[in-house]
Amino acid sequence: METRGRRRAFSHQQDEPEENPGKRPTRSAPLYRHRNQPNANPATLERHYPCSTGRPPTGTVQPKPSQPPQPRSLLDRDAIDHITELWDRLYLLRQSLEKMTMADGLKPLKHFRSLEELLSLGGERLLQDLVKENQHVRSMMNEVTPLLREDGSCISLNYQLQPVIGVIYGPTGCGKSQLLRNLLSTQLINPPPETVFFIAPQVDMIPPSEIKAWEMQICEGNYAPGPEGTIIPQSGTLLPRFIKMAYDELTLEQNYDVSHPDNIFAKAASQGPIAIIMDECMENLGGHKGVSKFFHAFPSKLHDKFPKCTGYTVLVVLHNMNPRRDLGGNIANLKIQAKMHLISPRMHPSQLNRFVNTFTKGLPLAISLLLKDIFQFHAQKPCYDWIIYNTTPEHDALQWSYLHPRDGLMPMYLNIQAHLYRVLENIHKVLNDRDRWSRAYRKRNK
């Protein structure tokens, strides 16, 4: 009864002292203990339990803020592939520039001696820039791929460009007449003409063998191989017409008027595409009689008047890139209106250099010198090859191209070469800055 009637001590009160006054009192009970605490006699806590109710917390109350994704290592497999691919291209371009005969006028560019040195000493920023540069080079290569065949050659010389006004420069014996026939027989002119006008100073100057070669090759260019050994016509006629004309017949007054009933070009244009070939007519073009109408005004009128005339081609042969005699301004106007310049590497170097200097204003000096070196290299070869400049190309990579009798029409990718040269200049700048900082550091710590 005494036990039941005894008052219960509160948790904040100290235990009653024992009878022995000399004995030290025991430690007081904990100030606070959670009801879910598994230990019945826990150690004394000098602070409150962090959780007031429920189970003990398993994590922080406030979630961590979202962090941006960490970038991948620059030396992963894709990055190394990009840098290796770009290194091969840069090495080839650098070797070509160093070995060409005109390399004396170029400033030397600092570079890494090997790919391993680039990967180890290039630095994070430079390696990242090189990866981006190679991705850009790949994109430029992929853009031009639909315009090429499987072997890398061009599908066409003009693609959808109309009218086709071309000038062929070459000395005697470089294969200009054969080039004219090959352009039509290999279907590099799109669409293939149904009527070909061959203009010469005199009709008697054309040998019978050349006439027969023209008739055979324009017929060959009118067909393409089909399935199961068949051939498919590429125009609206089975046999294209070949018409021989003297230069004096070309300049008749009736042929300047599209609406004239006796205009021979209008009659042919009413049936389909036409082509006008002027061979050995440089002296006649330099006379007083103007024929520049056939280069600019005539094509648009034929296209408007005759819907079947979907193609208009004019190819003019010149033996000199800068003839002195041009009384009527025909040659000067022809060069302005020309969309394509087909140049033989056997032309005089002074004329080639003048042409390259005029039409490579947007390219680095090193690429212009490289183009001149290409002309000089092919001038020493016996092949009947040509270098073509297109003023309005389908793609920048096709602005300069190389025509070989066996390989076909191959793009020269001078836009990509110019981009690679700028990458070489960037590497030179990085290495030059490092050398300057190293010299400044050594000078300061002396």
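Cβ coordinates are placed from backbone N, Cα and C, and glycine is handled just like the others.
Which of 255-262, 431-438, 439-446 counts as region 'DNA-binding' depends on Swiss-Prot, and there it is 439-446. Helix, strand and coil counts from DSSP across the region 'DNA-binding' (439-446) read 6 helix, 0 strand, 2 coil. Annotation for Gly175 (ATP binding site): same-chain Cβ neighbours under 8 Å, separated by at least 6 residues, are Ser344, Tyr384. Annotation for Gly170 (ATP binding site): same-chain Cβ neighbours under 8 Å, separated by at least 6 residues, are Lys176, Leu179, Val317, His319, Ile343, Ser344, Arg346, Met347, Trp386. Remark: of the binding-site residues Thr172, Ser177, the most isolated position is Thr172 (fewest other Cβ atoms within 10 Å of its Cβ).
The number of other CB atoms found within 10 A of the CB of Gly173 (ATP binding site), across every protein chain shown, is 9.
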